[in-house]
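Q: Checked TrEMBL, it gives:
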BINDING   29, 30, 31, 32, 33, 34, 35, 36  ATP binding site
DOMAIN    8-286  domain 'UvrD-like helicase ATP-binding'
DOMAIN    287-567  domain 'UvrD-like helicase C-terminal'
Ligand code: ATP
Ligand code: MG
């Protein structure tokens with residue numbers, strides 16, 4: 001590509017930013033104005049015009065998905081490989097730094113990253129060990145306390161132990177928690193950032209190496225950096241003129257995780273020679289969508305103030321749907337998407353955005369019943385979940401018996417009666433003789449140093465690992481994974497675990513098989529490094545935080561929280577669950593600061609839509625096992641009425657009607673059933689038809705059974721007899 005093309009597809013303000021001379025630069029602009037595009041073109045500019053090597057460039061984005069997209073865009077613009085360029089999230093890059101310099105970071109080489117579930121579990125265990133009353137010091141609160149200290153760069157030892165007993169106790173737990181993590185080589189998410197910062201700060205040589213390596217540093221979504229992330233950036237760039245950040249104060253949505261809008265002001269203070277560039281044209285959305293977003297966000301105070309305009313035309317009005325419950329909402333949304341697809345639209349251009357992960361279930365069910373392909377993003381980092389890490393540890397150990405981290409991880413998962421003493425002896429033997437744990441245990445068995453029970457438990461573990469390897473040699477990758485999950489008894493372990501937790505873990509294991517299947521498929525012909533397919537898959541699992549795992553080739557509807565939709569765009573967007581108490585959340589209803597953050601979140605959601613935006617709310621909702629009758633979200637009321645078009649409830653989806661015997665009209669034109677018609681079901685007995693929904697094979701019927709109450713049934717399966 002020739003240089004002029006980097007510039008020709010930009011407007012003047014964007015060009016100014018892309019070609020700016022080296023100087024700390026802040027691009028401050030609203031949603032859809034091309035900030036990310038500017039960032040990508042700026043990198044391309046450096047490579048093409050300033051002849052900077054990809055190796056000398058650092059780019060930080062907010063999600064792995066965004067990082068991959070950025071990499072792809074740069075590669076397609078330049079037609080070169082950008083493998084040596086550091087592009088990633090703060091967490092991903094910090095992780096990379098710690099892995100490469102684990103010694104300087106004072107971490108064991110095999111340190112494990114734990115997700116917030118694992119972290120919470122450890123805190124709970126700690127409270128028990130320390131005999132601390134977990135009603136006075138709830139584990140979640142402690143977790144929040146610990147993480148926020150780390151996000152501010154504070155270690156327990158830096159903090160003064162005065163204040164009330166409540167505070168002192170929290171501090172004591174923080175300290176004990178740090179000790180435990182250090183002892184066992186565990187690193188939580190906040191620790192990744194803090195430790196990476198400390199490692200650079202305290203090792204001058206290392207810092208100088210990276211300061212000169214990263215000649216140009218770029219940050220997307222700068223408004224959401226927290227204290228420690230910003231400190232990290234400063235270490236690398238302060239006193240130089242190579243920091244280029246883009247952001248939008250109206251899209252700061254991670255305040256609850258320590259993000260600081262103030263960093264935008266701090267930037268202006270810490271980089272005195274900086275320049276600010278504003279972009280005002282929006283290229284993403286239609287006029288109606290943009291006006292809705294602008295009007296909504298105008299209700300916030302203390303904004304830096306930005307104007308956005310578009311020449312894309314008004315487009316269609318926004319649609320508002322009032323569902324009678326959450327199932328009806330899901331039904332409505334999925335029908336609209338299916339219509340879109342039938343008319344030739346891509347499913348991947350559609351997104352269902354919700355406030356909290358728990359809301360996805362209804363939509364997933366509906367998408368499944370209608371056989372509509374979909375993909376759920378976000379939630380916890382997939383490959384970092386405990387059950388996934390356990391399954392991967394089996395695969396790793398099977399692949400390399402001397403992988404001590406994996407050995408440690410699963411030697412007693414599921415429990416097989418290998419005692420702490422046996423393990424301790426094994427560890428000292430391994431340390432003294434410089435053996436892997438695997439060799440050490442073989443040695444102990446040969447020397448008959450163990451009790452009969454311990455020996456047999458250990459022997460059966462070693463045999464199991466060997467047998468897993470032998471029996472799966474000829475299987476394709478995904479079957480190998482499946483085989484190992486089953487034969488290791490991990491699957492059974494989680495099946496027995498109580499409640500949703502176990503269920504989710506089982507689902508995740510199934511998803512791992514799926515990820516392996518898709519990986520297998522995408523990498524069939526990729527033989528460039530001399531690695532087995534399993535090797536490649538395992539490396540992929542370590543390096544990817546998992547947002548992209550198993551991304552199907554198939555055309556899928558996109559489901560995610562509004563938080564994880566940041567930076568993305570879709571032609572057709574559904575913002576669902578627009579209800580007071582859900583969005584804005586209950587806590588935000590009586591806290592102005594939080595309400596403003598929720599409003600920014602709503603602004604982010606609205607501005608994801610390119611062509612069409614649907615808002616929906618339900619009159620009754622069951623969530624977290626409770627029924628509620630919420631009011632429509634105040635955010636709906638903040639959107640000018642003339643931009644909103646109300647969609648009526650469909651006649652055949654309504655609240656149950658009273659069933660008077662002389663009503664004999666058909667419920668809907670295409671249903672074979674009448675309102676109030678008496679029917680008989682093999683299991684539920686006799687009842688009367690209240691309403692039907694859907695058509696053909698998907699027709700459902702709601703019946704009030706004399707003895708069983710009201711039920712919805714799929715007509716095709718219900719085998720009803722007309723009485
Ligand atoms: P957000 O705040 O949501 O992250 P953004 O400011 O990063 O948004 P981009 O995602 O970079 O915006 O751009 C929004 C859309 O507008 C993209 O589809 C992008 O390709 C397009 N776009 C940006 N600038 C131009 C331009 N000069 N000409 C044509 N399309 C453009
Ligand atoms: Mg962006």
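Any Cβ shown, glycine's included, is placed from N, Cα and C.
Please treat TrEMBL annotations as automatic predictions, because they have not gone through curation.
Since the structure is predicted, the reported quantities are computational estimates derived from the model, not experimental observations.
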Q: Which binding-site residues of 29, 30, 31, 32, 33, 34 contact ligand 2 in the sense of C-beta under 6 Å?
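A: Cβ under 6 Å from ligand 2: none.
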Q: Inside 8 A of the center formed by the CB atoms of 29, 30, 31, 32, 33, 34, 35, 36, which other residues of the chain have their CB, for the recorded ATP site?
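A: For the ATP site, the extra neighbours are 246, 248, 279, 282, 284.
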Q: Using a 10 Å radius around its CB, how many other CB atoms surround residue 34 (ATP binding site)?
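A: Result for residue 34 (ATP binding site): 23 neighbouring Cβ atoms inside 10 Å.
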Q: At a 10 A cut-off on CB-CB distances, which of the binding-site residues 33, 36 has the highest count?
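A: Output for this query is 33.
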Q: Any same-chain residues 6+ apart from residue 32 (ATP binding site) with CB under 8 Å of its CB? Would you list them in sequence order, or say none?
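A: Residue 32 (ATP binding site) has long-range Cβ partners 282, 283, 284, 285, 290, 308, 569, 607.
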Q: Check residue 30 (ATP binding site) against DSSP and tell me helix, strand or coil, would you?
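A: The residue in question, residue 30 (ATP binding site), is coil (DSSP, three-state).
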Q: Over the domain 'UvrD-like helicase ATP-binding' (8-286), work out the mean pLDDT and round it to an integer.
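A: Across the residues of the domain 'UvrD-like helicase ATP-binding' (8-286) the model's pLDDT averages 91 on the 0 to 100 scale.
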Q: Measure from the Cβ of residue 29 (ATP binding site) and count the other Cβ atoms within 10 Å, all protein chains considered.
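A: The answer is 27 other Cβ atoms.
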Q: Is any of 30, 34, 36 (binding-site residues) within Cβ reach of ligand 1, i.e. under 6 A, and which?
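A: Within range of ligand 1: 34, 36.
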Q: Give me the count of other Cβ atoms within 10 A of the Cβ belonging to residue 30 (ATP binding site).
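A: Summing over all protein chains shown, residue 30 (ATP binding site) has 25 other Cβ atoms within 10 Å.
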